[in-house]
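Listed in TrEMBL:
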- G198, I218, L227: S-adenosyl-L-methionine binding site (BINDING)
- 7-83: domain 'RNA 2-O ribose methyltransferase substrate binding' (DOMAIN)
Amino acid sequence: MKKEDTVLAGFHAVSSRMKRDSSSIRIVYYDPKRRDQRMRRMIEEIEKAGIRLMQADNNRLDGFSHEVPHQGLIALAAPIDIGMSFDTLMDNLAGNPLLLLLDGVTDPRNFGACLRVADAAGVSAVITPKDRSATLTAAAVKASAGASETVPIVRVTNLAGSIVELVDAGVPIIGTAGEAQKTIYEFDQKGAFGWVLGAEGDGLRQLTRRRCSDLAKIPMLGTVESLNVSVAAGICLFETVRQRTVG
Ligand SMILES: C[S@@+](CC[C@H](N)C(=O)[O-])C[C@H]1O[C@@H](n2cnc3c(N)ncnc32)[C@H](O)[C@@H]1O
């Protein structure tokens, strides 16, 4: 395995990459004990695309995927760079982008799940700090269900500074925190708009909170204190989708 290889584990991750850029896949390993139709079809496609294919036992596949369920299928591929620069993002604010900013989400599964929900909600870009943020590990790629290949990620050195630039450019950036006074339903989200979600343990950093246009909470009616960050991201983003589609 090359140091720069991205590990794609499971049917969804491998077939998304096949659709996007099959030439970026260096090699595919599969478990020959899996002889079901789904695996047979996948092998046919891989062979048709001229990708190197090798058999590997379950232990070897586990070794590649590091606990991520792989369904007997692993691809090693060159990373696809769908990163976007902050300047490019700023140049394209006219199309009413919906942005998701993650302030220090470090768990790869949560990061992947946030990308998944961002893709589903039509998010234009996910903005994360260069430090204190999960990267596209096998676990993140798997949890993203293909979205790591579709959602542009903007990695910035200073998240608070980027928020200021966006707010100055007229994009409301709303931080989310359970203790906020207003709810996520009180903001007009039809124009360019961004949500900021905080880290698993600590939530939003103080400086991030101060730079946001406002703070909003998801009303919690039960006894738990907070939601998982990707669940919270889904609720916020789909409120925006609701406003933009239903009115
Ligand atoms: C697990 S929570 C972090 C909990 C953390 N102890 C705190 O004080 O924020 C992760 C992130 O999900 C979002 N979140 C979770 N529950 C929320 C709620 N009820 N209202 C608004 N945001 C919420 C926030 O962005 C939060 O930073």
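Cβ coordinates are placed from backbone N, Cα and C, and glycine is handled just like the others.
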DSSP residue counts for the domain 'RNA 2-O ribose methyltransferase substrate binding' (7-83), split into helix, strand and coil: 34 helix, 19 strand, 24 coil
Pairwise Cα distance maximum in Å, S-adenosyl-L-methionine-binding residues per record: G198, I218, L227: 13
C-beta crowding around G198 (S-adenosyl-L-methionine binding site), within 10 angstroms: 23
Cβ-centroid neighbours of S-adenosyl-L-methionine site G198, I218, L227, 8 Å, sequence order: T176, A177, G178, L197, K217, S226, N228, V229, V231, A232, I235, C236
Per-region confidence, the domain 'RNA 2-O ribose methyltransferase substrate binding' (7-83) (mean pLDDT, whole number): 90
Residues that sit under 8 angstroms from I218 (S-adenosyl-L-methionine binding site) by C-beta distance, when 6+ apart in the chain: T176, G178, T183, I184, L227, A232, I235, C236
G198 (S-adenosyl-L-methionine binding site): secondary structure state under DSSP, collapsed to three categories: strand
